[in-house]
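Feature list (source: TrEMBL):
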TRANSMEM  27-49  transmembrane segment
DOMAIN    41-290  domain 'G-protein coupled receptors family 1 profile'
TRANSMEM  102-120  transmembrane segment
TRANSMEM  140-158  transmembrane segment
TRANSMEM  198-225  transmembrane segment
TRANSMEM  237-260  transmembrane segment
Amino acid sequence: MWRWNQTSLEDFILQGLFDDSLNHLCLFLLLMLVFLTAVIGNSLTILLICADPHLHTSMYFLLSQLSLMDLMHVSTTIPKMASNYLSGKKSISFVGCATQHFMYLSLGGAECLLLALMAYDRYVAICHPLRYTVLMSRRVGVMMAVMSWLSASVNSLIHTSILMSFPFCGSRIIHHFYCEYPAVVKLVCGDVTLYETTVYICSVVLLLLPIILVSASYGFILHSVIQMRSAGSKRNAFATCSSHLIVVSLWYGACIFSYMRPRSQRTPLQDKVGSVFYSIITPTLNPLIYTLRNKDVAKALNRVLRRDVVA
């Protein structure tokens, strides 16, 4: 038993994204620029929503939670990858790998649930505008955020505990730039068919249920918009929903590509590309999409900047 524990707790080797070539150095610098953009954009969104009283509504509270998830998501994977690349080391400890796996899975699951709840928020705002402050009070918004964080964390804790309890053998080289499930499970000694099937079913449920809720919400929204007589009201409704729809399409599309494909159709390169998209590109685009297409956020930024200039 001691030998098994000692072997299982050995470090893993992260293959990473880049080698020592000049082309890869340029790609690494570009990725660092994208990472800084994601950190600045999401941090600014959170600060704006906290600082401006006009944004203290459930809609923007949920948006601040989305930005927090995105900020934590990029911070979970990119700093370790950059540290390994710059130092020339590729190792990650057993505990570090388990922590990374738990964090990225928790944040990914929480974002899936939160985006679905944000679609419900848009449904209430457009279909029941007079009852919005009652149906989507600050308390309801907080409960939605807590439910997203808690449900995803429990799901991630269960999966991470089971995965990391398996014995690992062989080279312990993870063909990825962080400890993502598909790359880690390949290193397990023994038959994991049942576990993989269970994870696949859980992934499908965790993705399909939010997608069904999003589709139902926007089905009702579309029905209400069609019945609107004012062209201005229709434009405002579409403008309100367009940012969320773009974010939803990017996020769920990347997750479906990464987790709902059969194992036989996966390659390490495809897994890396999918992970780069939903763990780096999407968190970078989200604040840009909401900021550039949202007049309230733009006005809040102007108010904060004028306040600083006056001060």
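The backbone N, Cα and C atoms fix where each Cβ goes, glycine too.
Heads up, TrEMBL stuff is auto-annotated, nobody curated it.
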Positions whose Cβ lies under 8 angstroms from the transmembrane segment (237-260), at least six residues beyond its ends: 66, 108, 111-112, 115, 118-119, 122, 125-126, 182, 200, 203-204, 207, 210-211, 214, 218, 221, 224-225, 228, 271, 274-275, 277-278, 281-282, 285-286, 289-290, 293-294
Model confidence over the domain 'G-protein coupled receptors family 1 profile' (41-290), averaged pLDDT: 87
